[in-house]
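What TrEMBL says about this protein:
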type	residues	note
BINDING	D106, L107, T108, R133, Q149, D153, R302, Y306, Y307	L-histidine binding site
DOMAIN	36-392	domain 'Aminoacyl-transfer RNA synthetases class-II family profile'
SIGNAL	1-27	signal peptide
Amino acid sequence: MPQLGLLAGRAWAALLSQLLRPPCASCTRAVGCHSQGTRDLSPQQMVVREKILDLVVSCFKRHGAKGMDTPAFELKEMLTEKYGEVSGLMYDLKDQGGELLSLRYDLTVPFARYLAMNKVKKMKRYHVGKVWRRESPTIVQGRYREFCQCDFDIAGQFDPMIPDAECLKIMCEILNGLQLGDFLIKVNDRRIVDGMFAVCGVPESKFRTICSSIDKLDKMAWKDVRHEMVSKKGLAPDVADRIGDYVQCHGGVSLVEQMFQDPRLSQNKQALEGLGDLKLLFEYLTLFGIAEKISFDLSLARGLDYYTGVIYEAVLLHTPTQAEEEPLSVGSVAAGGRYDGLVGMFDPKGHKVPCVGLSIGVERIFNIVEQRMKTFGEKVRTTETQVLVATPHKNFLQERLKLIAELWDAGIKAEMLYKNNPKLLTQLHYCESTGIPLVVIVGEQELKEGVVKIRSVASREEVAIKRENLVAEIQKRLSES
């Protein structure tokens, strides 16, 4: 693979012109959101975001995943023809050597490229990183042109449906941990989708483009999707109607059994393979105790071309905890599936590495959490400072500097005001406004007696302790709080 050169100024200028292009009228601007579908995050927002990411990553690690990263941009030839119709949503740029490059559209294709290039046959990994898509942003739904993805993937040849079931278990653990309310995970299988298309009379050449239309059923009514398939993609109306009969079906393992008996679907080998794997999957999901959260949904298609087997998507079932909480339409909050052929597309000899994975929709989840915090007036502390070093007297900067250095060296999170002679009231107000729980006060009397005072900001109680016991006393108080 050729080396990726440094991006020239012209390349970034071209990229910025794409990012800054005005979005469609559907984009609803929010505070901190630029009209081009990107956003700034305030310190308050970063605290919330980091808590969400910490919960997600800790779950990934609990299941044995290793962290990794890939470049923000790849050779365009590495990304094209991997996504199908959505390939046109990639951001393209050129580097100084004239190579065509694209910003990564997701984290899955770069992972597959990594596996092939490094001849890795087995890996369980997680990856948190930004991706870029030239979509029309819809800020109220948490859709941006630049956004963060959190992926978990299992690569390797294993017995059927065991890794797939673990991915669904992980999705349940994360969504339960985030306390977003009730949710449902829709599952299907690409082989069932393709089998359905075949028995309904869809020409094989139209499988992927019709799949892309079906994937819009979570955002569009059936009549609109049918219109797109018939009027824009040239599908026969009776074929579209037969598809319509199937995509309205959803249920549990009983629906899987019912589809085994379907007079048309049961005649298709691909569909039977998919149904067999789903039946096994539901057995494992029952053992994991999450089967009631899973729905076999024949309308689920997942538009990306690289999926080859089981696919899934988590949606929130909005049940407001309070009457004043307004509904927020966000679409799916997690999704994924099996992609057994993707690594082979990067390997010169076409060697395949079966993979299955999931992606958590951090931006959409963040929007939900943020709205709930606004609704209920929840405050966020933006720093973790534990102690403020203060003085009531002038000319005590040197003593404060010595004290704070001692606290820092002991691993205590401490601050002081950047003034030679700050007023004590100003220092105490700073603690109250930023949530700092303790104040260490040194003045003329304390210096003379070899002590310092520790003040609790909440109770306003002060106690004098020996100077040499300061670190131990602070650590004791912090461990008790």
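Any Cβ shown, glycine's included, is placed from N, Cα and C.
Between the binding-site residues T108, Q149, the minimum number of other C-beta atoms within 10 Å of a residue's C-beta occurs at Q149. Using a 10 Å Cβ-Cβ cutoff, R302 (L-histidine binding site) registers 22 neighbours. Other Cβ atoms within 10 Å of the Cβ of Y307 (L-histidine binding site) number 26 in total over all chains. The average pLDDT the prediction assigns to the domain 'Aminoacyl-transfer RNA synthetases class-II family profile' (36-392) is 90.
Of all Cβ atoms in the shown protein chains, 20 besides its own fall within 10 Å of the Cβ of D106 (L-histidine binding site).
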